[in-house]
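The block underneath contains the structure these notes are about, expressed in structure tokens.
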Amino acid sequence: MSSPETFYDVFRQQGISRRSFNKFCSLTAASLGLGPSFAPRIAHAMETKRRTPVIWMNGLECTCCSESFIRSGHPLVSDVVLSMLSLDYSHVLMAAAGHQAEAALEETRTQHAGEYILAVEGNPPLNEDGMFCIVGGRPFLEQLKEMAAGAKAIVAWGSCASNGCVQAAKPNPTQATPIHKVIRDKPIIKVPGCPPIAEVMTGVLTYILTFDRLPPLDRLGRPEMFYGQRIHDKCYRRPHFDAGQFAEEWDDENSRKGYCLYKMGCRGPTTYNACSTVRWNEGVSFPIQSGHGCIGCSEENFWDNGPFYDRLAEVQTPLGVEANADKIGLTAAGVIGAGVAAHAAVSALTRVRNPNSGE
Amino acid sequence: MNGFEGSFLGNSDRISPDAALECGVCWWVYDPTQGDETWQIPAGTPFAELPAHWRCPSCDAAASQFMVLHDDDAELQQKPRPAIPESRAQLRQRERQILAAYTAVDARMRDLPVYNGKLTIQVVGLQSWQESLLAVLVTPWCMNILRLPGDSERLPIEGSSRDIAFPSGSYSFTSGQVEGLGAIESCSLFSPMEQFDDPLVAREVAAHALEALLQAPEPAPISRRHFLRGGRNSTDDAAR
């Protein structure tokens, strides 16, 4: 696929109407929190820019990220997937196999050196020289490093690539290691979640392709627009939390009433993700809405943070709430000035304001 | 009789005795000063007191099809009853009510790990705002913008969210029920409250937040270049 076609050409070839193309652009602008004025710009970029090759690699993982990705809400998004990904390299989606596939990978690496985006699902195990994950006869670690060298940017899909996930849980026999600890010389966008929300994944990719730069990232390298708030902040059961109304058992009266699941082990208060706003399956629902607490799957070491059904109790792990996101120095009462309090207030307010509404 | 399709959402009490109503089907007008000869309704009968069997004498449409044509008193009647306390004493009373409600909640929250024992329950900056009450609630487990609706306002169903516009932008509020307080709407600023050490600091942050909420942002300076090119301002380019 070396022809200089644009995304729009690809869409047209697949028989997608101008109307649904525009719809896709405005939906994407909205999901990126950019406001309607950006839709024409996304459309313009898609019409004029050359297709950026995306290579999707799979290491030690369960493919749930790919599965989530190809089920993203708007039908056209899956077409984005097919036109951007399958043509180059992806274990799950490509038609080629064996030597042919590896040849395609090699071709992209050499022909588009420095241009392509490397999407990594899963992570490399380092133990026994990487023997626990072999792709095309070689350790995945080797392939990963080789492909990363020529990549423009790397997207770490899912919790495996971002922070290790289940294979890195104690005692981690294969020494599965998140990719930012293996590759240190490339910009890495972490999109944690097990799996991440489909719209978040397509949104991140569209942002990079449209604006030709990385989305704004938080301190942990996650896109701010999707990981800037806790599940708890926008949870529809939040008023029950505030009012001290909790489910105490899975089948008690309170859980039937839809009370807060915090006492049942919900990790909402310590989890940064967009589930409570974007939701899943085209915005139909999300775990808490289905009656199950959040398990905090986008947080670091979530497998090691105690049983899912134990209350967050002693889960004030230093890695949980404290170290994350925007901690503000509001301690030490006598020391802080009025400026600090005002700044904290304004930044909290900015965080909860609807995008683009105050400008 | 109720269910006026076009008038006051079916609230026939809202139609003043002098109101003239128009048939939504054939535009025949019922004027109370004239009455209705066809149905032998004497002049001076308010629309709301027409017999149940009364129908449009011109086209036989049901009374519920009628809409208010002009109603001088309706303006007055539409205004909500003075549910919003205006005086300082009334505000103090509402504040005490909120404090009492959340003090009751406090007993249930106290043994939870999210409870920050260094903080106290405070209601900061309670004030009336657009026919409702607005404040920032500080508790050992959360800091929320709290909106108490006026008596005549019906909130959306519990757990649903809606956007409310403030001078500084629009914010998503979720409605809920608090025992002793009734229906409220809230927008979370902080929760859990682990970054606060001191109730005074929390109070100060809350006051600043409320102030910023009700303050319109200064308009971004329009650059001449962008103005001439038809752009609105320089932030248009940047993706935030």
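Here the Cβ of each residue, glycine as well, is placed from N, Cα and C on the backbone.
Keep in mind that TrEMBL annotations are predicted by a computer and have not been checked by a curator.
According to TrEMBL, the feature [4Fe-4S] cluster 1 binding site maps to A:CYS62, A:CYS65, A:CYS160, A:CYS194. Its own atom aside, the Cβ of A:CYS62 ([4Fe-4S] cluster 1 binding site) has 17 Cβ atoms within 10 angstroms in the protein chains shown.
Annotated [4Fe-4S] cluster 2 binding site per TrEMBL: A:HIS232, A:CYS235, A:CYS260, A:CYS266, in sequence order. Taken residue by residue with DSSP, A:HIS232 ([4Fe-4S] cluster 2 binding site) is part of a helix.
Of all Cβ atoms in the shown protein chains, 22 besides its own fall within 10 Å of the Cβ of A:CYS297 ([3Fe-4S] cluster binding site). Annotated [3Fe-4S] cluster binding site per TrEMBL: A:CYS275, A:CYS294, A:CYS297, in sequence order.
When pLDDT is averaged over the domain 'NADH:ubiquinone oxidoreductase-like 20kDa subunit' (A:62-207), the result is 86. According to TrEMBL, the feature domain 'NADH:ubiquinone oxidoreductase-like 20kDa subunit' maps to A:62-207.
Taken from TrEMBL, the feature domain 'Cytochrome-c3 hydrogenase C-terminal' covers A:227-308.
Its Cβ taken as reference, A:CYS194 ([4Fe-4S] cluster 1 binding site) is surrounded by 21 other Cβ atoms within 10 Å in the chains shown.
Considering only the binding-site residues A:HIS232, A:CYS260, A:CYS294, A:CYS65 ([4Fe-4S] cluster 1 binding site) has A:CYS294 as its nearest partner by CA-CA distance. Among the binding-site residues A:CYS65, A:CYS160, A:HIS232, A:CYS266, A:CYS275, the ones whose Cβ sits under 8 Å from a Cβ of chain B are, in sequence order, A:HIS232. Its Cβ placed at the centre, A:CYS160 ([4Fe-4S] cluster 1 binding site) has 30 other Cβ atoms within 10 Å.
Closest to A:CYS160 ([4Fe-4S] cluster 1 binding site) by Cα-Cα distance, out of the binding-site residues A:HIS232, A:CYS235, A:CYS260, A:CYS266, A:CYS275, is A:CYS275.
If you count neighbouring Cβ atoms within 10 Å for each of the binding-site residues A:CYS65, A:CYS260, A:CYS275, the highest count belongs to A:CYS65. Each residue contributes its Cα atom, and for A:CYS260 ([4Fe-4S] cluster 2 binding site) and A:CYS62 ([4Fe-4S] cluster 1 binding site) those atoms are 31 Å apart. Classification of A:CYS260 ([4Fe-4S] cluster 2 binding site) by DSSP places it within a strand.
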